[in-house]
Every structure is written in C-alpha cells, then in structure tokens.
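To start, the structure itself, in structure tokens.
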Amino acid sequence: MSIQIQGVSKQYGTFQALTDIHLDIPKGELVALLGPSGSGKTTLLRIIAGLEEADEGSISFEGEDLTDIHVKNRQVGFVFQHYALFKHMNVFENVAFGLKVRKKSLRPSAEAIEEKVTELLKLVKMDGFAKRYPAQLSGGQRQRIALARALAVEPKILLLDEPFGALDAKVRKELRRWLRKLHDEFQITSVFVTHDQEEALDVADRIVVMNEGRIEQMGTPEEVYENPASPFVYDFLGNVNLFHGRVHKGKLNVGSVELEAPEHKHISNVDGVAYVRPHHLSISRTKQSVDAIPAKVSYSHAVGPVVYVELKRDGTDEYLEAEISKEQFRQLSIQAGDVVYVQPKEVKVFIPEDFVI
C-alpha cells in the first residue's frame, strides 16, 4: 500500500515540529526517516500511524484520505524502540494479542490464531520460545517478538520507531540485516525512524533526511551519501573535513592552494567551504600536485583494516582526518610530527546560500 503525505505541518505550542512535509512512498518500499533529535521524524511517523493529528495537510494510503481516520482503522503495524511487550503474557500470548482482541465477527478461530502465531515465530527465528516471558528474553529476542506481534494482524503498512536503538552494536547490525531480508520476503510498505546513519544506509531503499521539521533531501542511500544536497546532509552522513576559502569562477582558493569548484563557475569572490570525506583525502610524503596541502601528522590509530590519521594544516589551527589502508600507512611510514601533503580527491564546495534550508 502506498503512502501520500501532502503539506503536513505540526506545532506544539511555540515549537514548530513539522513544516509543509510532502512525501510519496510507493507500495513495498522500505523508507528511513533519518535525522537528529528534534528533527521531526518521530512526529511524522506518529502522524502517519494516526497517533498524532496534523495541524495542516493530509495523509493518504493508496490514494484514500485517512487524515481523520482513527489509528485502529488504518491497518498499521507499529514497533517501538522499547518493545512494549506485555510482561504478564508469554511470547505466544503477546504475538496473538492483536488477533484475540478483534471484535467477534473479525476474530480468527483459536486454531487459526495458533497456526498464525506458530508461523510467525518460525519466521522471526523464535520458535521454541512460545512459553517464555519477556523477562526471560534478550533485547534482540524481545524486538523480534515485537515485530512478530505487529505482523500478526497483517498490517498494510509497517511503522518502526528506532526499532534497534536500545540494543548493542552487534545485535543491532544482525537485526537490521534480518529486517531487510524479512521486508524483501513480505514486500510490505515500511517506514522506520532512526538517527543512526549507518543503519539507514544499510537497510533502506530510500532515505528521507530531516532537519528542524523539514525534509533536507530524499534519495537512495547512494544518492544521499555520494551527492549530499546541503552542508547539513554532508555533515550528518559521516565525518567530513572542511576547507574554508573564497570562491571565484569555479575555483576555491584555500590559502595558496586552488580546489576545483566547477558548479560555481559563474560565482565571483564569495566565501565558500569545501567538504571532503576522510577517505577522499590522500597522503603523500612529497608534493604530488599544485592542490596538495602541507600538514603535520598529530596522531594515528588503526581500527580493523583502516588507519585514521589526524593532521594539522600548515600555518593554521585547523585539523584534518584522513582514512587510509594499513598497507598505505606502512608504505608511508609516517609518525606524529612528520610533515606530509594531503590532496582532496573528491570535493563538494558550498557557498552561503547553500546553508539555508
């Protein structure tokens, strides 16, 4: 079932939580609402679910306006960060709950409920746990049960609010891959809220980056990571190095170095900032080109197969971070105090007007 969000705004007192949100989600798509705390992502999710009312705008499922339809009639499955399992019910009873409380005319038989719950527990790899209680389960297991319970009522749309936020890193990584596989099998339209960039990039078909109640950018994980539409998106989706200078006719002048800025070839003499990812900075012992920038190594540390090198730009108080392989690090044979040259391999230059939403 597709979702259409048209001109949705929401205000709490003087706080503007959402401003004129427009978003179309095709049937079967897995969309991540990504942003920092206070960006409006959870408010938008709750409005889609019917748990909150928009001040302006409309919510439609498959073209049908559901703005004034109660949450219980929207056929939505909801999974929260903290599981929200009933402590006094065992796993089977938790998963079966949504089916058992249906009005009599719509309630499946006891046999059908048992068959459905058994099938779902197998699906979420929790068969054999039917008689256990939430307190006897790990965080990852509880979240699987919460998802099974949401799927039991056969929702048309699945909404997940920071579903893995309370779990440790390893379990979180396992569960998000499992969720992706589960989604591909069910093909149910799904929207999940997260502030974890890696999670969104790893799981979603499309990412909606939100900031201060507005949508900054929408696109595939590759699009938003490789082609950020604004400084905020660039900065939010991973570490970045900044080079401040002046933009003039397609060049950013950073001290005595010129960096290419072809997208600004018609701009004359304005402030600009070049954004460069750590893995797009190369390091050499000697100056290899005119756009190489002298810097002093201040610190380095290895994380798995990658070495992070912190450097201080020559003649400034600005620090840079480069990300290189262990093999490159061995070949360079650098240590703290060494003067080297860094060269940006991929650069995105923003001017003041780009910093306005």
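The backbone N, Cα and C atoms fix where each Cβ goes, glycine too.
Listed features, source Swiss-Prot:
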type	residues	note
BINDING	Gly35, Pro36, Ser37, Gly38, Ser39, Gly40, Lys41, Thr42	ATP binding site
DOMAIN	3-237	domain 'ABC transporter'
Lys41 (ATP binding site) CB neighbourhood, other CB atoms within 10 A: 28
Residues within 8 Å of the Gly35, Pro36, Ser37, Gly38, Ser39, Gly40, Lys41, Thr42 Cβ centre (excluding the ATP site residues themselves): His195, Met210, Asn211
Residue among the binding-site residues Gly35, Pro36, Gly38, Gly40 whose Cβ has the most other Cβ atoms within 10 Å: Gly35
Fewest Cβ neighbours within 10 Å, where candidates are the binding-site residues Ser37, Ser39, Thr42: Ser37
For the domain 'ABC transporter' (3-237), the mean pLDDT of the predicted model: 91
